[in-house]
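All remarks here apply to the structure that follows.
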């Protein structure tokens with residue numbers, strides 16, 4: 001079985017031979033981390049076009065190795081809160097072994113094309129594998145228009161421990177600007193649409209990232225309040241959906257502190 005180092009080298013060679021990306025003349029690095037960065041840059045930039053069976057076999061082997069490098073996190077490993085159906089998980093959402101994780105997507109729904117970008121969309125698409133971009137392309141081709149803010153789409157999670165990914169596009173907020181009622185409602189719609197889709201698909205566990213708080217600039221405090229209030233209100237309006245466990249995933253210490261505070265009933269997100 002080839003090592004991850006060798007698999008990366010072969011994938012890079014195939015991607016460079018395609019000449020579909022801008023990073024064509026880079027020599028093959030000798031360091032593992034440099035190879036990882038170059039492969040990720042190439043696959044991040046690659047258009048949503050079919051891939052060869054040879055490449056997909058290599059990618060499957062490499063991502064299987066990645067998947068075996070950590071212990072997946074289940075609902076029972078997550079932090080309990082004062083609400084029996086709400087949990088917290090602080091860490092990398094890609095490690096969650098739940099029915100579905102929520103991806104903060106953009107209106108193209110094809111993932112992030114910026115090489116090695118730090119957004120959640122990039123991380124999820126990269127390590128789910130390139131079949132995810134192709135699946136999203138099929139959705140967008142059938143839809144025939146950009147994805148509207150506040151809607152939700154379901155795909156397989158491919159190489160991630162989760163079974164599915166729910167993709168939703170949140171609202172953008174210019175830094176320093178007040179959160180208008182319209183944008184607050186658009187963010188709430190992201191949560192409602194994701195919950196509705198999860199129930200429609202028969203899912204029993206759903207993990208939300210902090211939608212719109214990264215590249216889209218939504219203030220973290222307001223976003224956390226909207227997220228929790230919206231989910232609690234949705235649960236109250238859908239008593240038949242008590243089997244759906246919701247996990248709020250936090251990645252920064254600021255987000256964790258906010259959710260820790262607001263998920264105490266006495267605070268009530270005010």
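Note: Cβ is positioned from N, Cα and C throughout, glycine not excepted.
Feature annotations, reproduced from Swiss-Prot:
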- 92, 93, 106, 119, 120, 121, 212, 213, 214, 215, 216: ADP-D-ribose binding site (BINDING)
- 112, 117, 119: Zn(2+) binding site (BINDING)
- 73-267: domain 'Macro' (DOMAIN)
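Known features from Swiss-Prot, placed on the structure.
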residue : record                    : DSSP class
92      : ADP-D-ribose binding site : coil
106     : ADP-D-ribose binding site : coil
112     : Zn(2+) binding site       : coil
117     : Zn(2+) binding site       : coil
212     : ADP-D-ribose binding site : coil
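Residue 112 (Zn(2+) binding site) is surrounded by 22 other CB atoms, counting those within 10 A of its CB over all protein chains shown. Comparing residue 216 (ADP-D-ribose binding site) with residue 117 (Zn(2+) binding site), their Cα atoms are 14 Å apart once rounded. Distance noted between the C-alpha atoms of residue 119 (Zn(2+) binding site) and residue 212 (ADP-D-ribose binding site) is 11 Å. Counting every protein chain shown, the Cβ of residue 92 (ADP-D-ribose binding site) has 14 other Cβ atoms within 10 Å. Taking the C-alpha positions, the distance from residue 92 (ADP-D-ribose binding site) to residue 117 (Zn(2+) binding site) comes to 15 Å. On a Cα basis, residue 106 (ADP-D-ribose binding site) lies 14 Å away from residue 117 (Zn(2+) binding site).
Overall, the recorded ADP-D-ribose-binding residues 92, 93, 106, 119, 120, 121, 212, 213, 214, 215, 216 cover a maximum inter-Cα distance of 20 Å. The Cβ of 106 has fewer other Cβ atoms within 10 Å than any other of the binding-site residues 106, 212. Around residue 214 (ADP-D-ribose binding site), the same-chain residues at least 6 positions away in sequence with a Cβ under 8 Å from its Cβ are 104, 119, 120. Within 10 Å of its Cβ, the residue among the binding-site residues 119, 120 with the fewest other Cβ atoms is 119. The distance from the Cα of residue 112 (Zn(2+) binding site) to the Cα of residue 106 (ADP-D-ribose binding site) comes to 8 Å.
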